[in-house]
Structures are given as structure tokens and as C-alpha cells.
């Protein structure tokens, strides 16, 4: 009773298949590819669907599940490089990610290639490829999902999709801003071990042809090289095939020279103008140095605001710190000048007092020698009480020649004697001029020597 309907259904299915394949072969005479649009898409979909039904196709089971591992070939076309961000330590890529593998269950036997704009994950088995160190990613969906699927007659499948990736990158900023960063992108299977899925780079005749770069221009970096490799990673779940892409980015340092190195040097030069300002112009010299110090601190802040809080010094930090100390040293130099001025004033007061005491002592001794019978105290008392006394004109008494100015200086001990020349101590004005005069020469010379040492050390380390 059930034999006739079953026979009729099988005959109808065979007739439909022959008609469908015949129609495709006639259309294939004018085109090598069958595009999955319009009527052609309907025919292609019917053929694939019928073959999947006849073979009991299960998209959850990998191809050749009873044999060896599925070999997946990978290549990428990089459309653009996004930002390389030091604060988050990541980089962004816009790529076409392409995969090849063979699923014999979808071999249609027709000498044509099916080309469809569809998401194969909904219908076929696809590799569960993922990017190990990716922080975030998204598929492009304008004006529709950017996906392409091609199926060859022998069951070889090509699957391409456009993705924007943001991947982590371990950075060493010790040479910043003359650094070169190497960022790694890792590709693995999420669930299938090496016994089930094997990954390989698709190389077409030349080394590293599996990575194609459409646009390599970036704002702050130059893309120096791209290297691909294959490794095996292991964890508690098993061993997995891992494809690595190593991107080498060299920072463009010209921006930092213009925005930080040159301004920092000019600020140091400006701080030296205080050596030519009058020593008595305290507000002018102090305000100039303080302004330079604050400007250097602003440069520090502008650099570190866009960088992570790392525990080591960067190359530019050394330059700014030394520049800061040169500015601070100009402030210390002026404090030294003020100290000299104060010592000079104190020395003048002591000298005046000493000369007065010497004159009084000489006058008293001279008076006692000329008038031995009259004491100085009695004379003073008589003069005070208004009693008559011998008239003595003190102006007529010859004054002794006081000790020389040089001898008086030698009698006074100052703390500055150890590091200032003798001629400097004779006059405070000359001493201040001596300090400022030599500072105008010593500070630039030391700063030039620092720059020579700095660039001689860091430039050879630049890749």
C-alpha cells in the first residue's frame, strides 16, 4: 500500500534534480560563476538544500569527523590601521578576514562556483576561529552584513568577512617617544583541538603573502614590518593550533620634538636671561625663573596625561627632568647672589664700626700721651659739668693712619672665603658680577654637554 507513493516521491525527486542541474549547465555556458542573486540564487539554494537533505547534513559536525583534522587556511587584507593607544595599550585594525577549508558534504559536482552573500554559520559548519588577545570587535553591517561565501565543485569553501578589531598590545615605553612597539595578534580555534582543526597561513608563491596591506598610513606611527608564524599553544583543555601576526610600529618622533623637546630647551634658555637682569631687580628675576619652572611642569603634564602611569622613567622624562634642574639651578644661583649681597652689606657695617672703634682708641691713646696728667674720664666729667678745663681742640690732634682696607677684610672671617676669590671679597658688587658673569658661560656649556650625552645615548638605540 505504501510502495507506490514512495516510488512516486523518489521518481519526482530524481526528475527535479535532473531538470535543475540541466538548467544550471545551460546558464553556465555564458558565465563561469553562478551569482547568488535573483533566479540564480533560487536555483543554487535549491541544489545546496537538496544535497544537504540527501546527505543528512549536520552543521554542528565538522567535515571528515571520522578521519583526520580539518585544515583551515587563513589570510587577511588590512584595509586600515586605527589608533595605537599607549594609555590602554591596544591597537585597532580594519580587516577582511578570509578562511578556506573543504567540506566534501557540499561538493555539488557542477563545474561552477557558487558565490553567495550570506552568513554561512546559519547553514553550514564553519571553523570557530577567534582572536585570542582581542578586546572588542564588530562585523560591518552597512548596507548589509559584509560576508561572502564561495563553494567550489569539490566542496572547497571560501568565507570572507569584514571585521574591526581592537587587540591588546604589550608596550615598553622606556624609549618613548623614540620607541618601536611590537604588537601581536593571535588566531586560534576556540573549541577544536589540534586533533580536529589545523590552521595554516595561505601563502601564494611568496613569503608573508597571506597578509595584504591596503593602507598603512597612521598619524603617529610607521608600520615597519609584518611577520606571520605558526605555533602550538597548550592549556588544560588540550593543544591548539595558533597563528601569530607580529606588527612592528615605529613612532614618529617629529611631533614630540616640536611640541616638547624644543619648547623645553627654549624655556631653559629663557631662564638664563636672569643672569643679565640687575641683581637688585628681585621681582623680575624671581618671577622669570618661577614662570619657567611652571612651564616645564605643564610640559610634563601634557605628556603624561595621554600615557599610562608606569613605574619607570621614559626617555623624554630624563630630558625634562634635567631641564627642570637647570631652571632650578638658575634660581639657586640668584639665591646665592642675594646671599652675597647680604654678606656684603653686613661686611660694610662691621667695617664702619671697626674703623670708628679704632679711631676712638687711637684718639684716647694719643690724648693720654700728650696730657699724661689728665685722664680721659676726668676730662669728660669736667666738660659735662660745665667746669673750666683746658681747652683742647680734638680736630688739631693728628689722627693716626688707620689700618688698610685689605687688612680690615682679613680680620673678618666669612663663610664665602672658601669658594670665592680674594678680589671678589673686597667688594660685594664685584662678587655679584663675578657669579653672574661665570653663570652666563657655565650654564650653557653644561646644557650643551648634557644634550650631546643624551642624544649620543638614545639615538643609537632607535631601531
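Cβ atoms here come from the backbone N, Cα and C positions, even for glycine.
The stretch that TrEMBL tags with transmembrane segment, taken from the ranges 222-245, 294-317, 318-341, 342-365, is 318-341. For the transmembrane segment (255-277), same-chain residues at least 6 beyond its ends with a Cβ under 8 Å from one of its own Cβ atoms are 177, 220, 284-285, 288-289, 292, 295-296, 299, 302-303, 316, 319-320, 323, 326-327, 330, 333-334, 436, 439-440, 443-444, 447, 451. Within the model, the domain 'Neurotransmitter-gated ion-channel ligand-binding' (54-252) carries an average pLDDT of 90. In terms of DSSP secondary structure, the domain 'Neurotransmitter-gated ion-channel transmembrane' (261-355) contains 80 helix, 0 strand, 15 coil.
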